[in-house]
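Undergrad: Submitted below is the structure of interest, expressed as structure tokens.
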Amino acid sequence: MAFTQALVTVLAFLVGTLPHKFDFSENSDLKKANGDKCVHHSQCFSDCCLIDLERSGAFCTSKSHVGMACLPQTKRSLNILCPCRIGLSCHSKDPMCPRRCQMI
């Protein structure tokens, strides 16, 4: 079970580093709703494609709310944590604690 989860994680990171053959531009009318399967964050209306090991894949989900763990920005195709919603910033007051969404 642990090996399978590790393999899924490694494959997800590799997919994030490969060039994509599809057009996932911001102007695309094919944006997916929360809960739909995705392979790139720009496919999602929320702009967050989150890896879900329990459901064996990646799915569109909303960005992080106040107090939720976050990433400062989306760099690859898939997210382990989502960036913050508009109006919130992702930072940590303590370098030993994970980043959280907070009011600007």
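Quick reminder: no glycine exception, Cβ is built from N, Cα and C everywhere.
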Undergrad: Please work out, from what Swiss-Prot records, which of Cys60, Cys70, Cys82, Cys84 forms the disulfide with Cys48.
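TA: As annotated by Swiss-Prot, the paired cysteine is Cys82.
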Undergrad: Consult Swiss-Prot and report which candidate among Cys60, Cys90 shares a disulfide bond with Cys70.
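TA: Matching partner in the record: Cys90.
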Undergrad: Taking Cα-Cα distance, which of the disulfide-bonded residues Cys38, Cys44, Cys48, Cys60 are within 10 Å of Cys70 (disulfide bond)?
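TA: Passing the 10 Å Cα cut: none.
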Undergrad: Name the secondary structure element type, per DSSP in three states, that contains Cys90 (disulfide bond).
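TA: Looking at the DSSP assignment, Cys90 (disulfide bond) belongs to a strand.
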Undergrad: Return the member of Cys60, Cys82, Cys84 nearest to Cys49 (disulfide bond) in space, with distance defined Cα to Cα and candidates limited to these disulfide-bonded residues.
TA: Cys60
